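Reading through the structure tokens given below for one structure.
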Amino acid sequence: MSVTEQLAIGVALVMGIWTLWRWVRPVGMVSTMAWAMVAMALNLPVALGASVLCGGLLLRFAPDALKQPLSPDAKVRHWNGLRGWTQAFFAAALAAAGVQYGLHVWQLGSGAAELARPNVVDAFLPIAAMIQLKAWLQLGLWDSHHPAGLVMLLAALGLSLTVKRAFCGWVCPMGGFGEQLYQWRKQAAKRLGLNWDARARLVQKPQWLQRTLGWTAKGLDWALRLVKYGLLLSLVNLVMNGMPAMMVARYLQGMYHQAADLKMWAMFTQPSLLIVVSLAAILILAALRRNAFCRYLCPYGAMMALVGFISPLKVRRDTAHCLREGKGMQCDKCHQACPSRIAVHQVITVQSDECNSCQRCVAACPAKGALGSRLPVVPGTLKPKQMVLLLVLFLFLLPLAFHAADLWASNTDPMMRQMLLRSLDNLPMF
Ligand code: SF4
Ligand code: SF4
């Protein structure tokens, strides 16, 4: 496992263990010992060192409030900050892996690569991961060139099966960056004194739209939301029907697949005009419209939204505690806080495919016990510490388990990768 992957796992696991210490001390103690033994058994000294350093820093510098067991009320205060830190952590971890990967490719191009390739970059090959999934399910074949891509796909699906699109709300850097871009655009407009808000133009009834197409803005929003499902359908169709099972096995052994990560890298480092224009369009859209990329275009988000329909942990409203039914007030703070504009105040259970489990509505709700991510019958509400543990479980412990089973690292020969890099533009598909 590469240095950056070990660093990310070491820091993430210590956060999980720290949470367990504050929650149930004996479990924290056992998991500390278990992690130390696993790290030594799997020869992950950097991960263990990162955990020790991070744990030491937490013990020394964390404010007292962080060292005490979490109180039940802590949930509301902590949600937004916790999500921000989590997104920043994932973005930093991916950026570090990207830098290491860039150096690796550079070394590969100028001779032998000394720096290891972080396997986590395979997570940026979603089509390859879908083909791998098909090969695994239909042929029992585990790809040996980019296995980490399939592991990360399984991790994202597992997380979505448990807590809807939490991957979008808590992990994906695109979601976090898009949100930041939107906020910057709003602040800039305010500072410049521009009374211009994309929401006012796109969400309120635009007369030109009704005149020319006969559509309301809500209808347009619905139509645009279907675009991501259309993209997902085309990808699934490509994988399921465009490539018969026997061809899949040949494809996974082919040079094109072996060089998939190098081709992806080249696409972003030497972009064509089409890629530059597409990226610029996505960024502009994200700045104008909150969550636009996730809401309208991301096929990965569409897949997790579909899986999330059957996830048991959903935002549920308890009308006995809600200020609306309970006290007859006109509260809609949960709706106002929701980045996906879901009418949380009007439903009992948020079923919407656009809910990314960000918990902003929960944090905004002033009534104790009125709102939270809950299971259908079991009492209790999802706590921040439980969300941290779910993220650690799916996105770090699961890959670690695959690493332990020798199903994580690519076994493409470095000499072969060097040769592939030299002939990237002329690789046969099969
Ligand atoms: S309903 Fe709540 S958890 Fe879901 S997206 Fe809206 S604010 Fe986030
Ligand atoms: S913010 Fe809370 S109290 Fe207000 S409508 Fe939503 S669930 Fe009810």
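Using N, Cα and C of the backbone, Cβ positions are placed for all residues, glycine too.
Mean pLDDT of the predicted structure over the domain '4Fe-4S ferredoxin-type' (346-376): 91. TrEMBL lists 346-376 with the feature domain '4Fe-4S ferredoxin-type'.
Per TrEMBL, the feature transmembrane segment maps to 6-24 (among others).
Long-range contacts of the transmembrane segment (36-62) within the same chain: residues 1, 3, 6-7, 9-11, 13-15, 17-18, 400, 403-404, each at least 6 residues beyond the stretch ends and with a Cβ under 8 Å from a Cβ of the stretch. Here TrEMBL flags 36-62 (among others) as transmembrane segment.
The list of residues near the transmembrane segment (82-103) in space but at least 6 beyond its ends in sequence, with Cβ under 8 angstroms from a Cβ of it, reads 2-5, 7-8, 11-12, 115-118, 120-121, 169-173, 175-177, 261, 265, 269, 358-359, 384, 387-388, 391. The feature transmembrane segment is assigned by TrEMBL to 82-103 (among others).
Residues 119-126, 128-130, 132-133, 136, 142, 300-301, 303-305, 307-308, 310-314, 353-357, 373, 382, 387, 390-391, 394-395, 398-399, 402, 407-410 of the same chain lie 6+ residues outside the transmembrane segment (148-167) yet bring a C-beta within less than 8 angstroms of a C-beta in it. Taken from TrEMBL, the feature transmembrane segment applies to 148-167 (among others).
The transmembrane segment annotation in TrEMBL covers 229-252 (among others).
The transmembrane segment annotation in TrEMBL covers 264-286 (among others).
Per TrEMBL, the feature transmembrane segment maps to 387-409 (among others).
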For the transmembrane segment (229-252), the distant same-chain contacts (Cβ-Cβ under 8 Å, at least six residues beyond its ends) come to 126-127, 130-132, 134-135, 138-139, 141, 143, 145, 297, 299, 302-303, 306, 429-430
For the domain '4Fe-4S ferredoxin-type' (346-376), the distant same-chain contacts (Cβ-Cβ under 8 Å, at least six residues beyond its ends) come to 73, 75-77, 79-80, 83, 163-166, 168-170, 175, 225, 291, 294-295, 305-306, 308-309, 312-319, 321-323, 326, 331, 333-340, 382, 387
Per DSSP, the domain '4Fe-4S ferredoxin-type' (346-376) contains 6 helix, 5 strand, 20 coil
